[in-house]
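This report concerns only the one structure given below.
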Amino acid sequence: MSLSPSSSPAPATSPPAMSLPPADSVPDTSSPPAPPLSPLPPPLSSPPPLPSPPPLSAPTASPPPLPVESPPSPPIESPPPPLLESPPPPPLESPSPPSPHVSAPSGSPPLPFLPAKPSPPPSSPPSETVPPGNTISPPPRSLPSESTPPVNTASPPPPSPPRRRSGPKPSFPPPINSSPPNPSPNTPSLPETSPPPKPPLSTTPFPSSSTPPPKKSPAAVTLPFFGPAGQLPDGTVAPPIGPVIEPKTSPAESISPGTPQPLVPKSLPVTTSYHRSSAGFLFGGVIVGALLLILLGLLFVFYRATRNRNNNSSSAHHQSKTPSKVQHHRGGNAGTNQAHVITMPPPIHAKYISSGGCDTKENNSVAKNISMPSGMFSYEELSKATGGFSEENLLGEGGFGYVHKGVLKNGTEVAVKQLKIGSYQGEREFQAEVDTISRVHHKHLVSLVGYCVNGDKRLLVYEFVPKDTLEFHLHENRGSVLEWEMRLRIAVGAAKGLAYLHEDCSPTIIHRDIKAANILLDSKFEAKVSDFGLAKFFSDTNSSFTHISTRVVGTFGYMAPEYASSGKVTDKSDVYSFGVVLLELITGRPSIFAKDSSTNQSLVDWARPLLTKAISGESFDFLVDSRLEKNYDTTQMANMAACAAACIRQSAWLRPRMSQVVRALEGEVALRKVEETGNSVTYSSSENPNDITPRYGTNKRRFDTGSSDGYTSEYGVNPSQSSSEHQQVNT
């Protein structure tokens, strides 16, 4: 049976006499070679030589137990306390008789230590002087499977090997006591009480009862035994474990085994780590919270920006969809006008007749909610709608091309204008102009439903207007006569539509071909101005036209003198043309009529002196259409005559604006004695249409003489220089 590493077999009656090692062993915790002891017990087989463990963990591990062959006397366990550093001497095999003295097993050669394993139980208090008679040997708390031979308790300690520092020593199995009379073989390792009164301070084993003092103890010890608290692996109760205290001066400083010292706090590193981890968690939580707040802020900003952008786009869309309501209010006729959105009108089976040039169409139910992307038609679709552009569907022919009536798949009647090849700009310019015109919606303007581009073919699709043109009802339909009230209504409606183009559209749209043939009538004889903006498409035409056909520079008899002479076009050019239309409504005569069998006369030249007399208070009978048979309101007739006279003034800057004409026709203002100079605008081909600059308010002679100041019209159109045309305009 092997003894525990903390006890060695020795007779219990060993005398206290022993030799002490030199005092110099205290500082370096290594015992000098001890002198031979007194007669030892029967020789035991000396343990085999084992490598010396490092000094740090040497005291913590009891010497390796060696098998005791025949102990003569009951051994007294005097193991060195664990966690004591004592450099064990190399194992020596020296047979000696049993000694009455008890030798500490710390002098026996210790087992080798493995740095990766934990050191033996550090539970023994410092082994200083302990009262004799109490021999306590704490066995190691771990139970390794390997067993080592017990230490020869009778052999004197040989000289200590050189010191080594080592890490924690792995636990070893407790020695098995071979002698049955062992008083306390499994008691916890505590300093034993032996007869010698003065134990040496050195850590080498001596016959004295005092165990070597501890020098160094590991900071933390891992106990492999996980049994009940206070119980050793073999079932015995271990005393409280306390820290190892080094003796500093004398063996008198002893610690009673009954007063255990607290363990070296193992939890200090854990506590520090816990505090560090808590601080880390707190810091991480703060960072995560800050990131969440920043993310929420960014989301809120993005939401607000998106919402504002949507609001702005919806507001712009609403304004683009309802320009006529606001702008008409500015024109003074909000009560009678309403905004129009391009839609596909329902089928209307009314007769459409075109005469005198550019034909247009009118539909009482305006096409609604048809934008340009949906207004893109294929040539095959329009050809099928018009019956292959057959003659039976031909509505008329003008300077721009042919106009055919068509019916779309949904039953909507439209007027398809097929433009002449070579009389248009490039495809890009054509589409840009069509896009501009398609956004113009007004009660008194014919809506553009769509267009078609097929190779060199260009087609425009308009809403169909059932009641023909003003020209037809004034000059061609001799079977019926337009009453005065109807004539006044047509004049007011056409003036409102033209005022919208001039003052409410951006950029300003100049019609350039205002005439009775381009004023269409719906089923209620409400006027609708058509073909506005087409002059932009055909500014580069070189086609020759007769003086009776509609052409891009306007129709003879309607063109303003400055426009015919200089090619300049302004909003006042349209005002002049509208004055000619008013004269047609008053007199019932066309813009150019035959003076005699060989001479034609301009309506303006014929009516101008008569207007002066009528406005001055004389009778209107010689001016008014005789077919009316004096069935008219004199005041209304006087207002219309005053408007016509103001519109056909020779100087453009003296002509009123169309909004003023509307108010005068409605009787809100009088233009009889008011010299309306107005402010006109002109555009150069290199200018932005939005940059409106007054041109004509400073020098009225500029248009009277036809002189040019270097500016050309927005469209770059030059009037025809044929003498016949000039003669027709100026006659």
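The backbone N, Cα and C atoms fix where each Cβ goes, glycine too.
Here is what Swiss-Prot says about this protein:
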type	residues	note
ACT_SITE	Asp513	active site, proton acceptor
BINDING	Leu395, Gly396, Glu397, Gly398, Gly399, Phe400, Gly401, Tyr402, Val403, Lys417	ATP binding site
COMPBIAS	1-29	compositional bias 'Low complexity'
MOD_RES	Tyr462	phosphotyrosine
MOD_RES	Ser549	phosphoserine
MOD_RES	Thr550	phosphothreonine
MOD_RES	Thr555	phosphothreonine
MOD_RES	Tyr563	phosphotyrosine
TOPO_DOM	1-280	topological domain 'Extracellular'
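Secondary structure at Tyr563 (phosphotyrosine), as computed by DSSP, is helix. Inclusion criterion for the recorded positions Glu397, Tyr462, Thr555, Tyr563: a C-alpha placed within 10 angstroms of the C-alpha of the residue listed as 'active site, proton acceptor'; this criterion is met by Thr555. Cα separation, Val403 (ATP binding site) to Tyr462 (phosphotyrosine), rounded: 10 Å. Cβ contacts within 10 Å of Leu395 (ATP binding site), excluding its own Cβ and spanning all protein chains shown: 24.
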